[in-house]
Amino acid sequence: GAAYTPQELDVLRRSSQINGHLFVPWLDDLDAQERFSLPELFDDPDGHLSLSAKQQKKDATWVRPSDYAARCGHAPVMIAQGGVNPLVVKQDIVTDCSFVASLCIAAAYEQRFQKRLITKIIFPADPKTKQPVYNPFGKYVVKLWANGVPRKVVIDDLLPVSGSSGQLLSSCTTRKNELWVSLVEKAYLKLNGGYDFPGGNSGIDLFALTGWIPERVPVNELIDAPSKEERLWEQLKSAFHYGDCIITMSTGDISKQEAKTIGLVPMHVYAVLNVYELASPEGISDSSSDGKKTRLLQVKNPWRKMGWKGPYSRHDKTRWDSVIGDELRAYQNQFYATEVTEAEASSGQQDDGLFWIDFDSVKQYFESLYMNWNPELFPYKGVCHEHWPVELGPVNDSLTLGFNPQYSLTFSKSTPGENGATTSAGSCTVWVLLSRHVSTIERDTDYSSQQFLTLHVYRGAPGKRVFYNHCAVSRGAYSNNPHTLVSLDLDLADDSEPSFTLVASQYEKFAALDYTLSIFSTRPYTCEPIPQFVTTSPVSIVIPGAWDTACAGGRPFYSTFMNNPQIHLQLQKPRRFPINLRAALHTRERVCELHAAGNDAPEDDLPLKVLSSGEYRPGFCFIEVDTATLAAGLHDVVLIPSTF
C-alpha cells in the first residue's frame, strides 16, 4: 500500500507501547526471517506475564512444554495430527471466554474451508507446508492486530502449571501435547497485560486474531422486528456458508437459578459452529403461520462442558430420536470430527459444551451477536492513522462538531470499465471502521479513565466541514468499545455522485487520542481529511466581547437591534472565510446578520447583502462567507452578534 506519512509514523510509533511492552508493526519480509534457532533456551526479555489470583492460589510455576508433555508420554507438537480442531479447544481458569471462543471459531473456519486463518499467525513455520511447528528453543512470534496494524508479539514457551497437581493453568486442547491454543493465548494476554485478564468482547478478540471487520448486533433489536430478523438470518446463513464471516455470541445477565435450569452461563461467550435451517417437515415452526423453517445454530461453550438444556439440545429426546436428529447428525458430521478424551469416556461424560439451539431461544437468552467479516469482500480499501490532540475542539461537542476530525467521502456515479470505457455504477456498500488505539488494559468497572468514541455520517459538499449535529445519515452511539463500525448502502444509479462527511466524536473529551480510520467499499471512492481551516493560508482573529444592558439589542425585529455590538471587517480582497460565535452554555446566541457595503462607492447606495446564521442556537453559531457572496468589489463586512 501507500507509504505512511510522517504523522502516521508518529501515531504508529506511539501506539506500539501497549501495557508496558513494545509491539512493533509487522513487516512480512523481515518477520518471516526471524531467528528461532538459538544457542540456548529462549527467555522472554520482557519477563513473565502477571498471573491471575486463581493461578497464584494454585501455586503456579512456569514449565516448558517439553517437560510438561513428557508427563503424558508424548513429545510436544504445535498442532496435532488432523489439524486444528474447534471441538478439542478448552478454556481453563483464565477468564478469557471471549478469546477462547474466538480461537474455537477461527479453528472451525480453518477446518471447514481448508483456508489458513489461525495457523498463519504463529511462527516458526515449516517452509514447505507453511504450518506452524514446535520450536525446541522455546521462542515464538505471533502476529496480532492491535492499534491499527498487525503487530509482532514475541513470547517464550513457559506456561503456568499448578505446583501441586501439575495441571496446566492456561487454555489448551484435550490433546495434552498440543501447544497452539496455550501459546496464542499467552501472546494475546501479553498484549493485554497478563493472565489477570478482565474478559472482553469476542468481536475485539477475533479482530486481534484475524484482522476481520468486527460487527455487533444487539439481539434485543430483533425482538418484535420480523423483517430485521429475516434480513439478519439470511445474511448469517449466506455469509457463514460462503466463509465470509465468523460468528460468536454472548449471553446476558441470567439469574443463577435460571442459568442452571437452561444450561447457559451468564455473561459468557459462545462460538457458533453452524448456521442451519431444518429441511424435515417436523422442522416447520408451529408458531409460524407462513410455514417458516426452524432456524438453528450449533454452538460451543469454550469450557467444553455445560451445554444448553432447552429445545434441540441433547436433552430434547423427542426431536433427536426423530428424523430431525438424523438430519442434524448427518449435517454436522460433514464438518467437525468429535474427539472424546479417555477421562470423558471413563466417566461417561456426554456434555462437551457442544449443542444445537433454536434462534427463538437465542433471542430470549442471548444479548449480542458478533460477526467478523472477511475484509477481502471489499475490493476497495483504505486506511489512515491519526492523532486527535485534547485541545482540538470543545470538551463536549453537543454545541458544535466543527472542530472535530472530519473526512470527506465521495463516490463517482460511473466506474472505469474495460478498454478504458466508463460504466454506470449501481449499488454500493461501504463500511467505515473507526478504531481507537489503546495503550493500557481497560476494565469495564473503571469508566472514569475510559474514552468513549463514535462516528457520525452526514450528507455534505466535498471538503466542507459539518458544524451542527443534526440531520445525520447515521448517528453513532458513544461506546468504550475500541471499534465503531458504520455501514452505508448506496444506490449510485439514482444518486448523482454522493458525498458524505465523516465526523469523529468523543463524549466529554479529556485526553489526547490516537485512532485508525479504515474504509471498505465495493466501489471506488475518495476519502480526504477536511482541514480545520478552509483556506490555504488562514489568518485567524479572535475578538472578545460581551452583552450588557446597554448593548444587548435583542432580535432583528426589535427597534433596539442596532444597539448590539458591531464589528467592522475590511478585506483587502474578497475571499472565502468562516465566522463563528461562541458563548457561555447558559445563553443562546447567533451571528445574526452580515452587512457588506457595495463596491467602495457610497454614492451608489446599493442595497446591503445580508447573511444570517439561522435560528438562534445555544452557545455556538456559524456563517461561512464565500467568494460568490462577496462579489468583486465588496470589501466591507459588518458582523452583528445578537442574543435574547
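All residue numbers here begin at 1 and follow the chain in the order shown.
Glycine is no exception: its Cβ is also placed from the backbone N, Cα and C atoms.
According to TrEMBL:
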- CYS97: active site (ACT_SITE)
- HIS268: active site (ACT_SITE)
- ASN301: active site (ACT_SITE)
- 35-375: domain 'Calpain catalytic' (DOMAIN)
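Features as recorded by TrEMBL, highlighted on the structure.
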{"residue": "CYS97", "record": "active site", "Cβ within 10 Å": "25"}
{"residue": "HIS268", "record": "active site", "Cβ within 10 Å": "22"}
{"residue": "ASN301", "record": "active site", "Cβ within 10 Å": "27"}
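In this structure the alpha carbons, written CA, of CYS97 (active site) and ASN301 (active site) are 9 Å apart. If you take the Cα of HIS268 (active site) and the Cα of ASN301 (active site), they are about 9 angstrom apart, rounded to a whole number.
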